[in-house]
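Peer 1: Below is a structure I'd like to ask you about.
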Amino acid sequence: MEFKPNQNNNIQETIPPESLIILFLFASLGLSALIREINKKTGIPYAPMLFVMGIIVGKLADNMGIIGESINNIKNINPQGILMIFLPILIFESGFNSDWHSFKKQSGQIFLLVFPCVFLSALFILISIKIILQYDDTYYSWKGAFMFGSILSCTDTVQILALLKEVGAIKKFKSLVEGESLLNYGTSIILYEISTKLFKNENMNIFEILKLFFTLFFGGIFLGIFIGVIGQFWIKKIHNDPILTVNVTFISCYLCYFFAENIDFGFQISGVMSLVSLGLFLSIFAKPKISLEEEKVVLIFWKYVVFAAESVIFLLAGILIGVQVLTDSSLLYDINGQQINDKQTIIFGDYFRLFGLYFCMLFSRFASITCVVRWLKKWGYGITWKEVYMLSFGGLRGAVGISFAIIVANDDYYPQKFRDIVLFDMAGNAILSLIINGTITGPLIKGLGLCVNYNIREKVYLGFLQNLKLESERKIQFLKGNSYLKMVNWNILKDLVGLEDFHLKIKQIQEEVQKREKEEALAKKLIGKNEIVQIEMVENLFSTKDQQNLQQQYELLENSDNEESSEIQNLDKDKIIEARNRFLLALKGIYWIQYEKHQCSSSTLLLLLESVNWDLDAQNESMNSWEFLYNYFHNPYYIQILFQLQVVPFFRNKTSNLLFNQIAFIYDVVTTYIEAHETVEEIQKEFPISDQIKGLISKESLNNRTSGHQYIVDYIKISFPEIKKQTQTKKAAFSLLEKQMKLIQDSVRFGHIDDKQFLEQKKNIEQLQIQLENIQPSWKLPPKKQFLIEFVPFFQKIPEKILDKIIEQSTEIIIEKDQYIIKEGQKAKFLYIITRGCATETCSKTFYTYNEKKTVSDVLFHYQLVLQNMRYVSSCMADAVVYVLAFPLEPLQKVAKFNLEIEELVWQQSLRGLSQMFYDQLQPLGNLNKQMCDEVIQNSFIKKYTSKQIIDCFNGGVLLKGIVKGRDIQNEFSFKFFKPGQICWCKKSLNNKFKPKQIFQS
């Protein structure tokens, strides 16, 4: 660290320079706190006040003793030290608190705004400086003007988002601005780094420039992701330790920037881009894993360090301008303390040029966006000219741009005039944008209609105030009954708690709302439109008394199709959108509550929040988040691949776990989705909206959760019952542990246990929660052989060696719901056994409707084992996701042919179905109900007859194979029912005969 000569040698000798720098930092924070208090009481913009105060302090530095000495030391700190201290905080915090959804949904538009637009903006500023404002080369050379254009193109994410949030900008526009502002950091600084190399006479051709750009950009992204993976893994292992969580985010931020800027990877990496990438990665994958208790601490910590960094930067910028730029005679020194010149660098005309540069900055941003507006309209959600105007005007400049201006100002390589003018113009434009743009942007957004309907928001706020006043009055009435409060002056108490203020505020808002409604009604009347249905306000906003239940709300919309359509058309679309948005925001809150109670995983939370964002993006349409979820996780090909890999010994355990986790994840998502929708539907009863709109929103929610419930029934309840059981057990265990935690917290609060006992129990519960969170699935599919022998009687009678060969030839198949396993009439090639799910077997040729349910371990089409060379005579469709083992028919047919015991078992299992499929031939059996038919079949056996052998059907029978002849029988073939007492003989060899056991001997 190098410092200039000091006039106060006594201070220099007694206090080390490092101590003076620390004094400056804490004195700056103290002054910032004072100015923040002034800002809260007066409303004067905070950053401009700091900047002006910095100028004053800089002008008076020589007369401020030890404070002045600390200022003289800080203004000469190494530029890289300034970056290392402040920049990682500002960049990382913007990425960490950003919304990944905005990037994914509007990535095309963001790409256009942060690449072509930033470059064009820097180019237009270059032209403005050299041609319009006519700065000569002693201030701005062409290369220097482009470098400054890169810095000036850097917008301030924190300031912009705070402003948009304050005015209630629509989500689509706010998301676009957020995404553009964050990546704008990276692109602007990359252009700055490239222009710095060009300025310092490094000869680079176009290919080298492009190579440098890509290495800076993509190298930064990959480094940020790498550090992010480590940080995310560490945060995942932390359980309710906010200090450690803050520590991980903090060290990740600084180490990432240090590695990017100081470690030689063989190519140059952008530290800013690595911080953007790190912040986004942790926002996506680590933030959902942080508990609510930890998140509060993390957010407060980062909010403070950003406040501190921005405060010091604005104050330092003012001080440097006051000391180096706006002095009457800027005394410049070299490193040896020798005076260089005394020529003033900033002249009176530069103030006029500053305002000219401000307008050129606005125009350059507008012109750069206009150049790509054709594609902006086509990509993402599109863009309107109103949004173009706001994007151009709303690009505030802030601390990051000033940080790089300070670096330039402290870099001795650049000419003194260039250093001073860069700091002066950057700080001046930042202050002008914060004062002018920051003041006008809010009203401009409202005027252009880019914010949520103000009247609706006021009505909701009115309802809140009414409820707050009502609950306060109820509490007062309750307190009046307390015997220890008989002496209270209740009139004074009402003044102390602000009840009269509530009344006045409610009256004021009611008058404003009524006035706006009259204006809206008049405007609609003038343009020939009928008055739309107004939102009905209720006195008891959040009281549950006299509220209609959901069924009554649905009836308002379901009286008739025509009435429903007419009512919906008459509802105000803006009010429907506002009600839908409030429903979705409440849904987000319920998802977070479920996560904090360990009723869903972090991955589930992330996906469900994404589904809410998906609905918010399509706010003009009905809620349809179930479609988003279904398309996300319903991937039968992925499941099929996992099942196929299970046969490979190396992958068996891994794929089994992956399969369990995938199904368990789906079940976790859907059940949390359903429960949250049910909860918000109840909460919605308290929304200050009309019953018609409540019914409409509730019906949309009902349609979505009903689809989710049906998916569980069709896909998981039948096909994966063990996964459902384990997931429910895990949720119940977490719920019980949460209850135990609340009980010990109440116990220590009321003195039932001491602090030591509380900490001991708290530690035990947290350990159990960690063990429960990390529990590994115990789900393993049984081997095929074990499953067949245990659950399928037919396979129990097959010799082991033959069975092993048959199993080797089998294949596992997954059939989606409502898909055919086999269609009637197809050539019979396989025998199927259900291992998961259920299906329905049907036949179109039966007299009665044949409809047989098949579940786990049931054999499909087993009659094909004895009906050789036939086509399937029935169809089978999956009622849920069905997993079947398919066995080639030919080997099994051979086994059945030469094993009478197996053949008899097959016929017994097949005959009832065949009696329905061949109803005309087997009519008496076909007329029996299932119980009676099964009883007859169980008391029957197979008997074979040779040619010309007499057959006496004393109790009746069924001809299964062969040809017979007898009294009143003319050459009957297979599937002929013989009446009791009927006598016939074999014309040809007869293979099989069913007869009651009590008549025929086995």
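Backbone N, Cα and C define each Cβ position, glycine as well.
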Peer 1: Looking at the candidate ranges 266-285, 426-445, 626-645, 866-885, report the one that TrEMBL labels transmembrane segment.
Peer 2: 266-285
Peer 1: Near the transmembrane segment (81-98), which residues from the same chain, at least 6 beyond its ends, have a CB less than 8 A from one of its CBs?
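Peer 2: Distant Cβ neighbours of the transmembrane segment (81-98) are 1, 157-158, 178-179, 181-182, 185, 249, 253-254, 256-258, 261, 271-272, 275-280, 282-283, 287, 299, 302-303, 305-306, 309-310, 312-313, 316, 399-400, 403, 406-407, 410.
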Peer 1: Same chain only, please: residues at least 6 beyond the ends of the transmembrane segment (266-285) with a C-beta under 8 Å from a C-beta of the stretch. Say none if there are none.
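Peer 2: Beyond its ends, the transmembrane segment (266-285) has Cβ neighbours at 83, 87-88, 91-100, 103, 182-183, 185-186, 189-190, 193, 212, 215-217, 219-225, 227-229, 231-232, 235, 249, 252-253, 256-257, 259-260, 606.
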Peer 1: Taking residues 6+ outside the transmembrane segment (110-133), which of them lie with a CB under 8 Å of any CB in it?
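Peer 2: Sequence-remote neighbours of the transmembrane segment (110-133) are 103, 140, 142, 145-146, 148-150, 152-153, 176, 179-180, 183-184, 186-188, 191, 353, 356-357, 360-361, 363-365, 367-369, 371-372, 375-376, 379, 391.
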Peer 1: What same-chain residues lie close to the transmembrane segment (20-36): Cβ under 8 Å, and 6 or more beyond its ends?
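Peer 2: Distal contacts: 11, 46, 49-50, 53, 57, 66-67, 69-71, 73-74, 77, 307-308, 311-312, 315-316.
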Peer 1: Give residue numbers and ranges for long-range contacts of the transmembrane segment (297-323): same chain, 6 or more residues beyond its ends, CB-CB under 8 A.
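Peer 2: Contacts of the transmembrane segment (297-323) (Cβ under 8 Å, skipping residues fewer than 6 from its ends): 25, 28-29, 31-32, 47, 50-59, 61, 71-72, 74-75, 82, 85-86, 89-90, 93, 96-97, 158, 242-243, 245-246, 249-250, 290, 398-399, 402-403, 405-406, 409, 423-424, 426-427, 430.
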Peer 1: Go through the chain and flag residues at least 6 beyond the ends of the transmembrane segment (43-61) whose CB is under 8 A from any CB in it; none is fine as an answer.
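Peer 2: Hits for the transmembrane segment (43-61): 31-32, 35-36, 67-68, 71-72, 159, 310-311, 314-323, 326-327, 398, 427, 430-431, 434-435, 438-439.
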Peer 1: What counts of helix, strand and coil residues does DSSP assign across the domain 'Cyclic nucleotide-binding' (794-837)?
Peer 2: 12 helix, 16 strand, 16 coil
